[in-house]
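Participant: So TrEMBL lists the following for this protein:
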type: DOMAIN; residues: 28-430; note: domain 'Amino acid transporter transmembrane'
type: TRANSMEM; residues: 31-50; note: transmembrane segment
type: TRANSMEM; residues: 57-78; note: transmembrane segment
type: TRANSMEM; residues: 107-129; note: transmembrane segment
type: TRANSMEM; residues: 150-169; note: transmembrane segment
type: TRANSMEM; residues: 175-196; note: transmembrane segment
type: TRANSMEM; residues: 268-290; note: transmembrane segment
type: TRANSMEM; residues: 310-332; note: transmembrane segment
type: TRANSMEM; residues: 353-373; note: transmembrane segment
type: TRANSMEM; residues: 379-400; note: transmembrane segment
type: TRANSMEM; residues: 412-436; note: transmembrane segment
């Protein structure tokens, strides 16, 4: 047993480190911060591919999948918000801390951290590509036709350089401005997407004249099945803010009388309202107007008016800037915790500058080298998105809260677990096939 003085210095040192680490450094967030952090984390640029996913699912299953995903993920998100302080006097500030509480120190770490890293690093890389591509689209729409074409790689570098600067912002509260801008943008381009679709529809005096084809595009039953599975994956992964929810909640102040779950839940409900307003109209209007002729990015299907689509692409860029930061923050936290607590580096500006810049450069390099990364995410995502979003929270709930067997809570959790496990098995199958089908068109460093 160490003498009390030694223990005090170690706890003081740990507190100093905690005050420096990004997740635990500032705990004075307002409830609406959590709302726009959640919107930014949740509404991916994936919303623009929802009409395409609908076209591979068809009306019935499509509507069912959209609404069920919304309900299930809202439920698992509620569980995480509740479990943040399920032990009096302790806060589980990070997903893996809750995992360690539920599954034991060693196992919890190994169950949660690899999945969380796959999701967060994967999302960061996809957003690098998306940011670069949207910048390029913006440039191509705005530049005169005589201008020489510029490769996507250069735009990814421009986008990456922006992040070298932004990633130095120390914690969630300091990026709340970026996050608010991103949340507003996601609402804006979603609105543009569905409003322009309907405008296109009215402009052509209702598409009924030309007839819209709602049949599934694949010729063979096997093709239809595989497309169905991969579209199911696309819809399921459109709701994946769970990887950063505890980290966001950690920034909200908490006392015994006023636990953080109150304000956090208010923020989550507001965020989910915004998510519904972003997702459902885009998915349904885009599919309603274009049927199975819709592209996997609905903004591409809407070519005119050029200025509006250019603006929407710029909005996507701003939103992706915010999202990248939100998903990078927990990674920075893990990285810095590892460097400071395990490798005993001195916490400070130089460490943060080097560690975070290396991470940004790493994601940028992968994005440039593998610009078809989004296609790969459907495959890898299935292994990590479905568990972290659909069933890990439920398993933790069963483990920690121990609800009555065959009671309502118990049944709901098992229902979510079964659906989640099916998703994490089937979605990668669909994703793998689309990789195989599209592999001919994949070019490294294109």
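Start at 1 and count along the chain as shown; that gives each residue its number.
Any Cβ shown, glycine's included, is placed from N, Cα and C.
Nobody curates TrEMBL annotations by hand; they come from automatic prediction.
Are these features on the surface or tucked inside, and what touches them?
Facilitator: Panel annotation: around the transmembrane segment (31-50), residues 66, 123, 127, 130, 134, 172-173, 176, 179-180, 182-183, 186-187, 189-190, 193, 234-235, 237-241, 243-245, 248-249, 251-252, 262-264, 266-268, 270-272, 274-275, 278-279, 282-283, 286, 296-299, 316, 319-320, 322-323, 326-327 of the same chain, lying at least six beyond its termini, place a Cβ under 8 Å from a Cβ of the stretch.
Through the fold, the transmembrane segment (268-290) approaches residues 32, 34-36, 38-39, 42-43, 47-48, 50-51, 53-55, 59, 62-63, 66-67, 70, 74, 77-78, 81, 183, 186-187, 190-191, 193-194, 197-198, 200-201, 207, 212, 214, 238-239, 241, 245, 298, 301 of its own chain, all at least 6 residues removed from its boundaries and within a Cβ separation under 8 Å.
Cβ atoms under 8 Å from those of the transmembrane segment (353-373) belong to residues 121-122, 124-126, 128-129, 132-133, 152-153, 156-157, 159-160, 163-164, 167-168, 328, 331-332, 335-336, 339, 438, 441-446 of the same chain, restricted to positions at least 6 beyond its ends.
Long-range neighbours of the transmembrane segment (379-400) within the same chain, counting only residues 6 or more positions beyond its ends whose Cβ lies under 8 Å from a Cβ of the stretch, are 72-73, 76-77, 79-80, 83, 86, 95, 98-99, 101-103, 111-112, 114-116, 118-119, 122, 233, 236-237, 239-240, 242-243, 409-410, 413-414, 416-417, 419-421, 423-428, 431-432, 435.
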Participant: Residues sitting near the transmembrane segment (412-436): Cβ under 8 Å, six or more positions beyond its termini, same chain?
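Facilitator: Same-chain contacts beyond the ends: 68, 72, 75-76, 226-233, 236-237, 375-383, 385-387, 389-391, 394-395, 397-398, 403.
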Participant: Which stretch from 107-129, 150-169, 175-196 shares the most C-beta pairs under 8 Å with the transmembrane segment (310-332)?
Facilitator: 175-196
